Amino acid sequence: MILDLAGIFVFAISGGLVAVRKGLDVFGVLVLAGTTGLGGGFLRDVLIDATPPAALADWRYLVVPVVAGLITFAYPSALGRQERRVAVFDAFGLALFCVAGSLKAAEYGLGPVPAALMGMVTGIGGGMVRDLLAGRVPVVFRGELYAIPALAGAAVAVAGERTDVPIAVVATAGALTCLVWRLLALWRGWQAPLPASATPSV
Amino acid sequence: MILDLAGIFVFAISGGLVAVRKGLDVFGVLVLAGTTGLGGGFLRDVLIDATPPAALADWRYLVVPVVAGLITFAYPSALGRQERRVAVFDAFGLALFCVAGSLKAAEYGLGPVPAALMGMVTGIGGGMVRDLLAGRVPVVFRGELYAIPALAGAAVAVAGERTDVPIAVVATAGALTCLVWRLLALWRGWQAPLPASATPSV
Amino acid sequence: MILDLAGIFVFAISGGLVAVRKGLDVFGVLVLAGTTGLGGGFLRDVLIDATPPAALADWRYLVVPVVAGLITFAYPSALGRQERRVAVFDAFGLALFCVAGSLKAAEYGLGPVPAALMGMVTGIGGGMVRDLLAGRVPVVFRGELYAIPALAGAAVAVAGERTDVPIAVVATAGALTCLVWRLLALWRGWQAPLPASATPSV
């Protein structure tokens, strides 16, 4: 639970930073912080029909992104300088969300492949909604290795959940898969492959 | 009910005007009119699981935005000149929707904070979907004071609904809170605060 | 069923081509292929509350867009040259989806007008989500005659479903209505009407 809120906090900070860079007002900062922190879980809950989403049923889930948004609004330049550190925390959030999301989807009766996909959506959905609202193509499509580690971690969790291994071990293995891969990608600058005819037109 | 349809009509006009300005075809005008008029209610109904949305169950909810869209398509310049008047009517629609949305959410068992948020979403959601479809950052994030009055009106309605005060009085108080604040903001040009380091990059 | 998968395949190809043109990475190509192929059905299923969407319950619905995406990623220029042929196949997909979508919505208890609209959404929704994710205004709003044939086909199917005519005949009539109209529009370059004051500002 505390881990969950910490993940939402870190995601919300990244949403708030995008809003500040785009010159949005205080309300835009709060909304982008909120959708980035909670959007992945919302998307998952609507798709697997676990409505109303958990975030609407417990006020603590709403307070955390608001606080994160206000902090970002007040100290944007200080946080902007820490962006590399934010990216590291963000990798922890991603690892947590992809595992929690896939296990929740499996619990709601989805098969293993869709459950792993839902885990990935939980991890990356908030950032995608953030980028749509901020009027830019989701960064997750733009070469950085972000979604694949989330999918891998979710797949490990879903696969393990069908065995006799205790759920805590399975969840840790899934989260570590995602976390290590993502941190390596950040550190080494790994990129996802681009199409052969690399003549992008905007 | 008639108020509801009037609110949808005004919102749909604003959606149609954006579509005309973007040079979309008649179908684009109708879709933007429809999503602006009905989008907020759709978002709310999907999130609180009141599906299928009311707008799909009653044809009158569909006829109104289509008529509004066709009028906008036929007389765009006449309506464009009346934009200030449209903004005033729009404030009435916003006041109505935020109260109706929050009371419906409370009726579906949401707590007071999420119910107030759902009221705000009902009021501003249509305009946000309109801006996304038209390929621009939602204007509601861009400094104009629009979402905060909606949230305030919804909060008044939700708070009052828990007391013994008759629901008609509560709804009127909530709607007036939103309406007066929004009209003052329009008249005085009030803006929401921007971040300190106001060096927006696009 | 096989027809359904073929429709998803063709839609997914069109999504992958847009992603390649925008210079997205392999993940972006797969996601755009997947959302274009499955997005219309997702939107419909969430709105009529048929969750979890069929595409999440059957792995074959997920394999098809992944394969289509990988093919597009590997041979973008070959497929790009065939774009006119892709548009023809796409018309078949549109005809199929608008009929299947409207009949499913009618089965879930929607009235005839909303059911026809849901059929149209099933046909055009995937392309709209594709364009939103790729950061452009949906092409379906931009003058090409695409949504109206889908709506017409869905309307024929819904109207026929209320008569004694066998369902196979009704479905075929609806699909042919959409298909012939769309192919004629492609062949003759028919456009949807634009607003009178055609001075679009971007």
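Every residue gets a Cβ built from N, Cα and C, even glycine.
Unlike curated records, TrEMBL annotations are generated automatically.
According to TrEMBL, the protein has these features:
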- B:2-74: domain 'Glycine transporter' (DOMAIN)
- B:59-79: transmembrane segment (TRANSMEM)
- B:86-103: transmembrane segment (TRANSMEM)
- B:88-159: domain 'Glycine transporter' (DOMAIN)
- B:109-127: transmembrane segment (TRANSMEM)
- B:139-159: transmembrane segment (TRANSMEM)
- B:165-184: transmembrane segment (TRANSMEM)
Cβ contacts under 8 Å made by the transmembrane segment (B:165-184) with residues that lie 6+ beyond its boundaries: 88, 91-92, 94-96, 98-100, 102-103, 123, 145-146, 148-150, 152-157, 190
DSSP helix/strand/coil residue counts for the domain 'Glycine transporter' (B:88-159): 58 helix, 1 strand, 13 coil
For the domain 'Glycine transporter' (B:2-74), residues assigned helix / strand / coil by DSSP: 61 helix, 0 strand, 12 coil
Which of B:59-79, B:86-103, B:139-159 contacts the transmembrane segment (B:109-127) most, counting Cβ pairs under 8 Å: B:139-159
For the transmembrane segment (B:86-103), sequence-distant contacts whose Cβ falls under 8 Å of one of its Cβ atoms, 6 or more beyond its ends: 3-4, 6-8, 10-11, 13-14, 17, 40-41, 44, 79, 115-116, 118-124, 146, 149-151, 153-155, 157-158, 161, 167, 171, 174-176, 178-179, 182-183, 186
Model confidence over the domain 'Glycine transporter' (B:2-74), averaged pLDDT: 82
